[in-house]
Structures are given as C-alpha cells and as structure tokens.
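Read the structure below first, then the notes.
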Amino acid sequence: MDEEDTTLPEPLKPHIGKLLIEKKMDNPFMKEMEMIQQQLAGMGTAKDDVLPNSGGEDEDTSTTPQAPTDGAMMEQIEDGDYDDNNDISRPHLSNHNNHRVSVLEDHNTLSTSSKSKSSTVSFRLEEDHVHDDNNNTSTDVEEDDPFILPEHKKNGRRGLADNRPRRRRRKNHRVSVLDHYTLSTSSSTVRFRSAHVHVYDFKGSQLIMEERLPIQGERSSLSLMHLGVGNGEQSNISTKVTVKQVVNSSPGLHFLRGLYSVIAFFNGAFMFIIAVALLLFLISDLANQARIIVYGTGGNNRDIVFPFVGTILSIPVFLHGLTQLMTLVTSFVADVFSGSPLLLSLFGGGLVLTNWIKFIFYVGIPTLTFVGLLFSGSQDFHSITLVTTFWSASCLFACFSVSVIFLQVSSCLYLVEELYEREGMTTMERLKLTILNAEESCLSGKVHRNYIYDSNIYDLKRLDSTSMTARSTRRLQEGGNDKAMYLYSTHGQWYIKFTQLLPRGLFTTLELPMRCWTQEEIDFSTPIYTNRSWSLESVFCRIKNESHISVVSGQSAVTPKQSFSSLVCYFFGVIFNILLVTGLMVFAQFRSTTIAAVACVLIVYWFWQGRKEYMMLKRINKIHQRLQSEGEDNEDYDSALFQKWETFSITKPALAFAWISFIVKIIIFAVIPFSYFCYSRNVFGAMTYLVLSLLYIVRHYFDIGPIVEALGSYGTLGMDPGTSLAHSGLLGASTRREFQKKSRLYHITRMNNNASRKIWTKLLNFFAILFGVVAMAAISSGPGQEEGATPYTTFPSSNNTFFYDVPQEQEEFSPLCHADFFNRYHSNTTTTSSLTSPVKYLADYVFLTYITYIRIDSVQPFLDTWFGEGEAFLDEDVITIFREAHPDLPSAASFQLVHFSDNSAVVCIRGSKSYFDFLVDARLWYAASLFQLVQSAMPFGFSFDALVDFCVSRLSDIEASSMKQVSYYVETTAFVDYLLKSGIYTSVTITGHSLGGGLALITGAQTKLRPS
C-alpha cells in the first residue's frame, strides 16, 4: 500500500465515516486506524466487489432486473406467481456485507413520559414507525421498502397468516432516508461522531435521526476481525438508528413569533368582521328592497327589481369568496406561528432573500417606527407603532395570498398537460382543459363507500388501479371482497340516480366505474391510533368521515377498555348535543311542541348514526377475532385495521354540457351581480365583488385536487425534463428541487381542503342563514312600524298613602339622580336642556323611554299621571309634518316627541323591537362588540386598545356609504335638525333605550346636542 493512500474503502465508508487520519504515531487510536487501513488495502477490496452472503451463495449482479408494472405486481400478489429472479432494484443501496439495520431506538428527549415510544406496525406490505407517544419495538429496515415484491415468500400466495413479507437476505444493504413532500422542510444530512445524522426542523425544535454502526466487543478496538472482514467469518452487524428531539429556539424567538402571531391574528379578526359585515349589508339591503317590492313603499318597483336580483345572485359568490379569504388568513396565522415554513418557500428569491423580506416587514419597519417616534418625542408612539405593524403584516399577508394563488394556478396548468398527455400545449389550451376537468369533476356522479382493510394485505397502488378492473367493479357492486369489508355508503346515490335519468346528451353512465383517488390516499396522510395516541378528547372531537388506522393486535393495540370507552364517549357526545340544542331552545323560549319535535328528529338521526358505529365496531371485532385465530398476533409487529373512504365515479357529463354549465355559472354568478354593483355606482362593492369572484374562480376551477385525483400523484412536478416518475410517487422526492415544489404544492392543496375551511364554511353559512331568517321575518312583518303594546304598568291611586322620604343629609343623596347633574358640574358648557323643565330626575328619562313601547293612545294618560296634568304633552303633528316634508328619508325609526309646559321638548327613541330593528342593531354595534370580545380573550388585551380603535374606525369608513341607506340615525338626525331650525322649542333633549340609546348618542354627536 502506498503510504500516502489514506482513503477508506467504499464498503466501510458509511459505517466508519470520513475520519481524518493524522500522522500522530504517539496516539494509540490513530496507530490502530492506520493498521486497519493497511489491512484493508492489502485485501485489495474494490467497491464493486461482492462479498459472499450468509447462505454461501453468490448473487448474480451481471444484469439489472426490470421492475414490473403495477399491474404485473398486482397479478403476482393476487395469484402467488412469484419469479425468484424478478427482483426490483432498490434505490440508493450501496454494497455492504450482510448489513442488517434492525434497531430503531427512541431517545428520552422525544417526550417527558418515559412510556412514550414509537410503535411498529405491519402495514401496506411494509413497516411504518409511528412517533406519536406510542410503544417502541424493533424493526428490520430491510423491509421498509414499499415496492419490493414478496417473490422470496416460500408459501406462494400471501394470506392473513403471513403477517410480514419474507425476502432473501440482501448482501451489502444500506438504508437511504428519503424526505416525503408532506414535510414542511427537507432534512439536512451531516456526519457527526462517525454517524449519519438527519436533522428535521419543526416548530422551534429539531428531530434528529442518528444512524450509527456499533462495534461488537471492546469499544476501543476497531480491528477488522470485529467486523468479520478478512477471516471469512460474517457478522450480523446492526445499525442503531436513534431518534431524539432537540430544542432549537430561545425566549426571544418565542416572543417575536408570539408578537407576529398576535398581529396576524388581528388581521384575521379584521378580515372576519369585514366578512360578516358584507353578509349583513347584503341581506339587510335585500330585506329593504324586498319590502319595497312587496308593499310598494318608497320607490318604483321596476327600479328595484334589478338590484334585488343582483343582490340575491351575489350571495353565493360572497360566501365562497369569503370562505377562501378566511382560509388564507387562517393558514397565514398558523404558518406565522410555526415559523413561516410555507411563506419562506413561496417566493423564488431564495431562502436568504425571503428571510430578509420577512424580517423587514415584521421587525424592521415596526422597530424603525418605534425608535423614530421616541427620538421625535411623540407621546403616541405606542399607538402609531401598533398601527404600523398592523399595516406591515397586512402587506405581507397580501404577498402571501398572491403567491399562493399564482403557484396554485401555475401548478394546475403544468399538471393538466401531463394529465392529458399532450406536449407543446399553449396556455389557452391548458386553461380550457383545466376548466373542463374541474367542471367534469364537479358534475360527475360519485359514490363514496367506506371499507375496512387488514393492514397486512392493503396496498394502495396494487389493490386498485386508476382504471377499474372487473375485480374492483365486483367489489363496488357486491360491497366487498376477501381483501376489504364494506361498511356503508354515503353521499351521491340520489344525484347519481338523477343524472342517469337525464338524456344521454347531458350525462353518460360509465361502463366501468372510475376510481377517484382522494388526497389522503395519494399522500397517505392518515392518522394511526394506538394505545398511546388514544384519548377521550380525540374521540370526542374526531372529524366525521375521517380515514384512520387502528392498531388491533400487538403491543400497541387499542385495548378493549379503550374501545369500550370510545363507544361510551360517542353516546355521551350524542346526549350532550341533544341536550345542548334543547337547552338553547328552552332558553330562547320556543314552544314546547317545537322543542319536542326537534328533539325527536335529533334522537332519530343520532340513533341511525349510532347504529352505524355499533355495526362498524361489531365487524371490526370479527376481523380481530379472525386475526387472532389465524395467528396474526406476534410480539414484534402490530397488526392494524385501515378504515378508508373510496370514491368511484359512476356518471360523467358530456363535453358540451360541461361547457354550457360553466358559461351559465359565469353569467349568473359573476356578470349580473358585478353589473348591478357598477350600475348602482357602488365602487367599494364592485371592487370587493371582483376580488371575491377571482377567489371563487381560483378555488373551483384551478383547484389542484381534481387533477391530482385523476393523476394519482403530483406527477413530474419539479423533476428534470425526460425524467420518469418512479414507484407512482409514493417515495420521497429524489432531488431538493422536486421536494421544494411538491412540498409547497402539497401544503397549498391541504390549505384548500383542511379543517379550517370546513369551519369557516359552516360559520359563514350560519351567519348568512341567521341574517336571512331575520330578514324574512322583517319582510313578513309588514311595511309599517310595529304597534306598541298595551301597557301593563299601574300607578298608585291619588288617595294612596305610599310615599318615599328623601334623605335630608346631602352626603347621603346621590347627585347623579338629578337630571341637571350635567349643568351642575359643567357650568361652562352650553346645553339645550331647560332648567325649568318638569324633567328633574333620571327616573323621568327612564319613564320617557318606556312610553315608546306602549300604544299611542295610552301615552298621554301616562304623562298626566307621571308629571301631572298640563305639564307634558305628546306632539304627533310635528312628526307627521316632518315626514311629509322629507319623503326621501326612510321611516323605519320609531320615536316620539314630548313637549313640556316650559316650551322644552324631549325626543324619545324606541329600542329594538321589530326584526328590522335587530338588523340595524347588529349593523351598528357588532363590529365594536366582536373586537372587544377578541381583545378580552387575549392576554394583555388592554395594550391593543389603539389597534382596536383603528380597526373599528377603518371598518366604519368602509360601512359609511351603505350604512346611511338603512340606518335609523339618518332620520332622527334630520328630525332634530328640523326642530332646532324651526325654533318651535326653547330646548331639545334626546333620550332612548337599547338601540334607541345608541341612536341618541349618534344623533346628539351629529347635531351637537346632549343625549340623555
């Protein structure tokens, strides 16, 4: 051996590492390593040499076997026809002598509980390690390849008794760790302490997988004899893979991210309140227009029909667009709280530039603003800094949203070419095919069926294929086969029957049902429930119709007590929901018959759902018993049952009908409403509708879901031209560019289909239905004001001896009880109230607000009883003259005018009583109320008072133009101005209760009067 050749042979590089051999002969360890190198060089081992295996047979490596197709693999699995020479070359395997990676160790840094370990489950003809506070068992990583065929199985056809794939012991096997695109960021591989270390960053911590080759015998010795090299002996060397968690954050980082999240949360709250405001404005305007059309009050019916139709047609787009907007806001807030992994991957300027952009918007601009205000001596530095931070975060959210939409559209246009297998397509052709695919996916008749698979025989890409075979069709028709147990169907049966009744020119029934892959099937992002991950909270709050994997045998199996507790918790949730709905109806004082009817409907519905749950558990128990009887349970591997939903397309729309449907939707839901907003000169409404329409179109016609469902994967996105997709895309990305593009698209796709979107959809639909019910009730109540109620208040008779002694001592008398309290303590302030008015106490104003709720013919007797005869008078003529002089003003407000003997007057405004009153009340106060609710729910919420005031002010500016059309204060303000200009009364005061109190405040502020 040449003395300068210090390179380790290739077979030992991954296990010994790139050690730096220094010329220090006085170090015993270095001397020993020098000796090892000399012995290896003397053997003349080349990196392509093949060492004999444990069985004494040489493996033929002269030719590379071809990988069979998915169909061929399926036939081999089904028929048991395995060719011992037909082996699939496994990717990234280097040659090592009988190397067995057998132990995956859980480090104690993974959890605070000593029992929190990983669980090994035999699933999909492979083994999955689940790190979710579960139990740990050792596993052979040689069987971690989901694409290796079971050709080395001795008993031929795979059955339930064969719980693990058996294959020949491979020589020179090395494990490769591939990053799946479901990760937020790719891993980093380093050499540390003679080991391969894979580092995964996640939410302020790092998950570290350390692969180490331990040496048998003395630790200080690294001789070749211990490795079984050179003497013909072969050792079964195990690679230890240790998984541990390391904290990679600081208190300052948590503080900054917490501050970012709070500002982003305020952005989300602002967007949500705007969304509710838009719905409220639309429906209240709709109620006002419908009242004019039905009762003919105020305006020409022909002039109001077009706005009425335009408003109705705009509601679906508003709902879908606002849902998409809130989904983007939620994803933005969650991404900020997690360290912005998605935000950092959106921009194409590189990681450094993106980090600088994020740092400038979140830290740079607010910090410079704060420091500049301190130097300028501004006393309002706190408020201005908060507002600046809010605008900065809003700009970053706008960039985030635009980038997400752009990447979603560009990815659709890229993958649609691969879906239709056409090269050189123009952008217009891609747009047409993308819209056509989305419309066909929306109109197709699909059935969703629930199956349970045994994890040992289930494999996604082999049990089914994109084009249905006769076996899959038979399973769809008969409800199951030997590989799956059918539970029940849901969604789509009635629609399929409807489409089959239509003419063939509109819909066609497929000869063989087409399999549609769901996002969970493609990504295999299915949760696994073990006895460690099980909890009553997860059972109680589980997502309906969610696919999941339940471990039923082995050390990590869900115990019978846990299964029974799950069933009890389910029925407890049913009872809780029924009692909650019933309690709310009782609190709202519904009729007993209505409450009983609703309770019966809920009981019948939940009984039907409970029966399905019971039947599912019963069938699962049968499968479990069969597994136990066939010897499926063992100590090393845990068997699982996979409950999944499969989607089949039964009918398909014709090409012409799909295009007609698209054109009609655009005209009805885009062109007509937008024309109405432009016709009414509502600039803000037109611009808002245009933005929401674009969000609606992107969500429904450029959704990546239908394309990925048809492809079965994310295709060749991010791969070099001419590169084929290996193993149907189930393995991780082979290059960093492919990982970045697919991971980014995966998280964008999940954003459009995650739980937050469902929550926002239900919440906004709830508000729309609530406002719609109130609006319908307001329309049906009639055009005029509701008549007051018959008074039920009685006063003491004149000969009654009851009286109240006024305290004589001044300190025991509350000055606030006097109506002229304002004059006593603000003598330098001008007021329009009369000092000689009979209204002397606050109780008098309370009484005046009360008379607005009673019948008009009972008001004057009450005034005479309270103030005395000849002191107070109800003046109806002035109100009538005013409304005749101002026919253009809405007359929905209810108020009374009372004048007194000293020629003073009080305007009394009624509170909320009619359904129109409730709509106006909501429009006046909901924004401030919701912001106060958000502020009170946050720690140190009082420090954000300036930001709350700013958001409410901006929202008021947005609402100002439309608020005047339905708000009562317009009429009350005009009436008070009329009284002041007429000079009829010497002083005018305003008072009101509930909604009337708010209107009194607004009217007093606009007319510079003092409300009471």
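Just so you know, glycine gets a Cβ as well, placed from its N, Cα and C.
Residues or ranges marked as region 'Disordered' by TrEMBL: 42-174.
Annotated compositional bias 'Acidic residues' per TrEMBL: 76-86, in sequence order.
The compositional bias 'Basic and acidic residues' feature in TrEMBL is assigned to 124-134.
What TrEMBL records for 258-283 (among others) is transmembrane segment. When Cβ-Cβ distances below 8 Å are used as the criterion, the transmembrane segment (258-283) is approached by residues 311, 314-315, 318-319, 322, 325-326, 329-330, 332-333, 336-337, 362, 389-390, 393-394, 397, 688, 764, 767-768, 771-772, 775, 919, 922-923, 926-927, 930-931, 934, 938, 944, 947, 951, 954-955, 958-959, 962 of the same chain, each at least six residues removed from its ends.
Residues 275, 278-279, 282-283, 285-286, 289-290, 292-293, 668-670, 672-673, 675-677, 679-680, 689, 691-693, 695-696, 699-700, 760-761, 764-765, 768 of the same chain lie 6 or more positions beyond the ends of the transmembrane segment (304-322) yet place their CB under 8 Å from a CB of it. Positions annotated as transmembrane segment by TrEMBL: 304-322 (among others).
The transmembrane segment feature in TrEMBL is assigned to 328-347 (among others).
Taken from TrEMBL, the feature transmembrane segment applies to 359-378 (among others).
According to TrEMBL, the feature transmembrane segment maps to 390-416 (among others). Outside the transmembrane segment (390-416) by six or more residues, the chain places 260, 263-264, 266-267, 328-329, 331-332, 335, 343, 346-347, 357-358, 361-362, 365-366, 427, 430-431, 433-434, 437, 695, 698, 702-704, 707-708, 711, 714-715, 717, 744-745, 748, 751-752, 947, 950-951 with a CB less than 8 A from a CB of the stretch.
Taken from TrEMBL, the feature transmembrane segment covers 567-586 (among others).
Residues annotated as transmembrane segment in TrEMBL: 592-608 (among others).
Beyond its flanks by at least six residues, the transmembrane segment (654-677) meets 306-307, 309-311, 313-314, 316-317, 435-436, 439-440, 443, 504-508, 685-686, 689-690, 693, 696-697, 701 of its own chain at Cβ-Cβ distances under 8 Å. The transmembrane segment annotation in TrEMBL covers 654-677 (among others).
Residues or ranges marked as transmembrane segment in TrEMBL: 683-702 (among others).
Taken from TrEMBL, the feature transmembrane segment covers 759-779 (among others). If you look at the transmembrane segment (759-779), the same-chain residues 6 or more away from its ends with a CB under 8 A from one of its CBs are 275-276, 279-280, 283-284, 286-287, 290-291, 294, 315, 319, 322-323, 326-327, 330, 914-916, 918-919, 922.
Look at TrEMBL and you will find 906-1005 tagged as domain 'Fungal lipase-type'. In the predicted model, the domain 'Fungal lipase-type' (906-1005) shows an average pLDDT of 79.
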Residues outside the transmembrane segment (567-586) whose C-beta sits under 8 Å from one of its C-beta atoms, at least 6 past its ends, are 536, 539-540, 594-595, 598-599, 602-603, 606, 609-610, 613-614, 617
Write out how many residues of the domain 'Fungal lipase-type' (906-1005) are helix, how many strand and how many coil, based on DSSP. 74 helix, 10 strand, 16 coil
